[in-house]
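So the structure is just underneath, and the comments pick up after that.
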Ligand code: GLU
């Protein structure tokens, strides 16, 4: 790959990654990567606490990244609420927070890279044409359509992709059977989460991913994309999801209540307890986080993919 192949921003980010790797700065780098598609809720707080404590328990770095490529889904003021909560809970990112919507040219240049490798193609199928079929049949694979104003899909293979999740055990998928070639860029130009997450995890030198079990089924897609781009593999830990009293996972779709930054210590204690960890003293949030990190024990995290309701 030559510098001409990639955008200036991308080559800068690659150089930074390479110098970090040479200096061997950190053997653990983890992240908290909220999307501002709604205010932070208790489920997101659990992810923030677990990713933070796991990183600090490994003497690692913990980095915040705002995943805001899906511009039409950005919810008014939610980014502000996320930042306000991070401050109130005294979560400090070890490097400057990055915003994915400012990095669109990087993702575009990675699509070009994949295009050179003939691993992506343009697809003109509309949602209507695809109907209720969730497995894409590869209709446009051999059409060789121009990339302009079309969706871009990555080719997948008929092979089983497996990984060993630190909590959920082995998880596998045959992407061709389960999903088909998947979209990296939508026809309206929006970069898909799957691409942005893989590229930034690589460029930021992440080693560990700690996130909710709702993203478990996305992981094989991300591993596949990482393999297409010759990125090193990551370690994954998918946390059980906090449920509401109706047995639904707390989510923006279920209108989960926004967390109140004014009650940071109490909410932190609830999140630490929901993660099955030894209790910590009610204190300043950074003291509580330090104590929780020192006591962090993943064998205490509830098994399975759900944590029963403790908070609406
Ligand atoms: N941005 C995603 C979300 O808010 C999380 C991505 C990830 O942790 O991989 O659901």
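Every residue, even glycine, has its Cβ placed from backbone N, Cα and C.
According to TrEMBL, the L-glutamate binding site annotation covers 31, 32, 33, 34, 35, 67, 193, 211. According to TrEMBL, the feature Zn(2+) binding site maps to 123, 125, 136, 140. The ATP binding site annotation in TrEMBL covers 252. Residues or ranges marked as domain 'Glutamyl/glutaminyl-tRNA synthetase class Ib catalytic' in TrEMBL: 30-130, 140-260. Summarising the annotation, TrEMBL assigns motif ''HIGH' region' to 34-44. Per TrEMBL, the feature motif ''KMSKS' region' maps to 249-253.
Feature annotations (TrEMBL) mapped to structure.
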residue	record	DSSP class
31	L-glutamate binding site	strand
67	L-glutamate binding site	coil
125	Zn(2+) binding site	coil
136	Zn(2+) binding site	coil
193	L-glutamate binding site	helix
211	L-glutamate binding site	strand
252	ATP binding site	coil
What is the interatomic distance between the Cα atoms of residue 35 (L-glutamate binding site) and residue 125 (Zn(2+) binding site), given in whole Å?
27
Given 33, 67, 211, 252 as the binding-site residues, which ones have a Cβ positioned under 6 Å from some atom of ligand 1?
33, 67, 211
List the residues in the vicinity of the L-glutamate site, defined as same-chain residues other than 31, 32, 33, 34, 35, 67, 193, 211 with C-beta within 8 angstroms of the site's C-beta centre.
65, 66, 197
Whole-number mean of pLDDT values that fall within the motif ''HIGH' region' (34-44):
94
Which of the binding-site residues 123, 125, 136, 140, 252 has its Cα closest in space to the Cα of residue 32 (L-glutamate binding site)?
252
Provide, as an integer number of angstrom, the distance between the C-alpha atoms of residue 123 (Zn(2+) binding site) and residue 193 (L-glutamate binding site).
18
Within 8 Å of the centroid of the Cβ atoms of 123, 125, 136, 140, which other residues of that chain place their own Cβ, given that this set defines the recorded Zn(2+) site?
124, 130, 138, 139, 141, 151, 153, 181
Restricting to the same chain and to sequence separations of six or more, state which residues have a Cβ under 8 Å from that of residue 136 (Zn(2+) binding site).
125, 130, 153, 179, 180, 181, 182
If you compare CA-to-CA distances from residue 140 (Zn(2+) binding site) to each of the binding-site residues 31, 193, 211, which comes out shortest?
193
Out of 31, 211, 252, which of these binding-site residues shows the lowest number of other CB atoms within 10 Å of its CB?
252
Does residue 193 (L-glutamate binding site) have same-chain partners at least 6 apart in sequence with Cβ under 8 Å from its own Cβ, and which are they?
35, 67, 69, 70, 218
Greatest CA-CA distance (Å) over the residues 31, 32, 33, 34, 35, 67, 193, 211 that the record ties to L-glutamate?
15
Tell me which of the binding-site residues 31, 33, 34, 211 ends up closest to the residue listed as 'ATP binding site' in space, Cα to Cα.
34
